[in-house]
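What follows is a short report on a single structure.
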Amino acid sequence: MGLVQLHLPALQVIVPMLVAPLVMLMARSPRAAWATATLTSWLTLTITLLLLIRVQAEGVVTYHMGGWLPPVGIEYRVDAVNILVLLVISFISAVVMPFARLSVANEVREDKHCFFYAAFLLANCGLLGITITGDAFNIFVFFEIAALASYSLIATGRERRAVMASYQYLMMGTIGTTFLLIGIGFLYIMTGTLNLVDLSVRLPEVNDTRTVRAALAFIVVGISLKLALFPLHLWLPNAYAFAPSMVTVFLSATATKVAIYVLMRFIFGVFGYELSFNELEMNLLLMPLAMLGILIPSIVAIFHTNIKRMFAYSSVAQVGYIILGISFASTLGLMASVLHLFNHAITKAALFMALGCIAYRLGGVSLVHMTGAGQRMPWTMTAFVIAGLSLIGVPLTAGFVTKWHLILAALDGGLWPIAVFLLGTSVLALLYVWRVVEVAFFRAPLRRIQVREAPLSLLLPTWFLTLACLYFGIETSLPVGLAERAAETLMGGYR
Amino acid sequence: MEWIGFYNYWVVVVLMMVGFYIVIAQGNLIKKIVGLNIFQTSVFIFFISLAKLDGGTAPIYVEGVSDYSNPLPHVLILTAIVVGVALTAVGLALVVRIHELYGTIEEDEIHAQDEAQ
């Protein structure tokens, strides 16, 4: 095994972290900053793919930071679960970077580009770090790295409300990560270790104590703030709506997904199925919250005229679907969750990219702007419609595959009313997607100004993701296979 | 009176609630950041006090001493303090930008301006 092969898990995080300050120095040439950031994001994708090959071959790849052995030293650990999340992050960031050049040039002041791309790389590094690390305190630190970078990314939005949205996200995000830190402190009192695997071995002895239960409560609430579980989602709609298009694409596809992954890791891996679901019956808490989280934001979305805000609310609803899958507390449900984590990332990224194209040409994404856009920008709008169908869950799209598995999991658990509920709420998604389609295709353009199709460098990434939605809707073996292995690994805790 | 022995944890709880209350109840954006700092600091104190050992000294090798406080939480909190400083800096920078754009740092006035648009 070569030196690079050996250090892959460390390189995954360190490469974007080291390039970020370099990019920051390229104040003279925004183009060079962009090019370097793009190459770096492609490099991280390459590293992820190499890791995927190693995980397929070896099962679990562990890496000991600085050569210190696990319970004492920091361990990076890649298994069937987090390789999937790593793949989502680095895939999305690799696709979004070609899209970023024109989109960012249009929406962010030119002298700020180097800082913008540096912050993007740091956010990327933070998210990858949360996913790959096997150390509880490391998760907290990387959460803050990713969060600090995304606050500044959101604040670069053109409208002044972007800054306020970023401030609110900072408040709620910090409370979330501080709760996580309290929970980690409780776990450390009881076990004297921060390593996730070691925690899962030592926790069963002290399961009956109030401290461990308080730790579970703090960690679940803290992470729920980060992943925007229904009543704790208030930061999300504004943050997504007022951020630059490229930031919305990146964050909607990755930030909440990573938090969901951490939640899964803690309740299945660290605390274990036994404590989380048999003794404390977490599913009784998560299931109603997830269902309300699907229902209420979907209804709210229908009444919004700012399309970006509308899809931000829809993101809260989609988080609800993923949490619903977790709350079934079965391998099938978990598999559907992991699958939706993957499929929704692609679908939402494609949708927000299409909106980015529209914002580039039409200057805004409210319904008024989009009147008649179907005739002016047929390619963009077709991509939008296909991604929208995937969001609704129409057969032959990626969204259908997850809905199908969710319904199977619900029926398997004997919860047929939830299967009906899932079908019913798809209609809500149909309603809000249809509003846009109706305005864009069946009304004449308001303005006389000739609007052209979006430039190719914006269209190509959008269509790439749109075709991915179709591809993963037809050829399902790759995500389903990965999700199946991930769910089995999670159900087994860390053993 | 066993619970008096844990007074450090009570201090932590009180500080935590005070900080959290300021974050929720105050409308002034800078005061909110102050509250957030108190909230975070209470967690730092919690970590440091759980490292303390009865009769233990600072984790530095000294002749004739056998009990030391646990150094790990100190190290962790050093990192967390750095994170806290960074957060405060970013938060205050955002407040400066908000003041430039809205001319106020009172939450209700900002909302009123947003609604009026």
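One-based numbering along the chain as shown.
Using N, Cα and C of the backbone, Cβ positions are placed for all residues, glycine too.
Over in TrEMBL, the protein carries these features:
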DOMAIN    A:135-428  domain 'NADH:quinone oxidoreductase/Mrp antiporter transmembrane'
TRANSMEM  A:6-25  transmembrane segment
TRANSMEM  A:32-53  transmembrane segment
TRANSMEM  A:80-102  transmembrane segment
TRANSMEM  A:114-133  transmembrane segment
TRANSMEM  A:169-191  transmembrane segment
TRANSMEM  A:211-236  transmembrane segment
TRANSMEM  A:248-273  transmembrane segment
TRANSMEM  A:285-307  transmembrane segment
TRANSMEM  A:319-343  transmembrane segment
TRANSMEM  A:381-402  transmembrane segment
TRANSMEM  A:414-434  transmembrane segment
TRANSMEM  A:455-474  transmembrane segment
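By the count of Cβ pairs under 8 Å, the stretch nearest in packing to the transmembrane segment (A:455-474) among A:80-102, A:114-133, A:285-307 is A:80-102.
Between the transmembrane segment (A:285-307) and the transmembrane segment (A:248-273) there are fewer than 3 Cβ pairs closer than 8 Å, counting only residues 6 or more apart in sequence, so the two stretches are not in contact. Between the transmembrane segment (A:248-273) and the transmembrane segment (A:381-402), fewer than three CB pairs separated by 6 or more residues in sequence fall under 8 Å, so the two stretches do not touch.
With a cut-off of 8 Å on Cβ pairs spaced 6 or more residues apart, the transmembrane segment (A:6-25) and the transmembrane segment (A:169-191) reach fewer than 3 such pairs and are scored as not touching.
Here the transmembrane segment (A:381-402) has Cβ contacts under 8 Å with residues 314, 318, 321, 336, 339-340, 343-344, 346-348, 350-351, 353-355, 358, 373-374, 426, 429-430, 433, 436-437, 440-441, 459, 462-463, 465-466, 468-470, 472-474, 476, 479-480 of the same chain, all six or more residues outside its ends. Within the same chain, residues 5, 8-9, 11-12, 15-16, 19, 22-23, 26, 61, 78, 83, 86-87, 89-91, 93-94, 96-98, 100-101, 104, 113-114, 117-118, 120-121, 124, 128 sit at least 6 positions outside the transmembrane segment (A:32-53) and bring their C-beta atoms closer than 8 Å to a C-beta of that stretch. Counting Cβ pairs under 8 Å to the transmembrane segment (A:169-191), the stretch among A:80-102, A:114-133, A:211-236 with the most such contacts is A:211-236. Away from its own ends, the transmembrane segment (A:114-133) comes close to residues 9, 12-14, 16-17, 19-21, 23-27, 30, 33-34, 36-37, 40-41, 44, 74-78, 82, 85-86, 89-90, 93, 100, 104, 108, 139, 141-150, 152-153, 156, 247, 250-251, 254-255, 258, 261-262 of its chain (Cβ-Cβ under 8 Å, at least six residues beyond either end).
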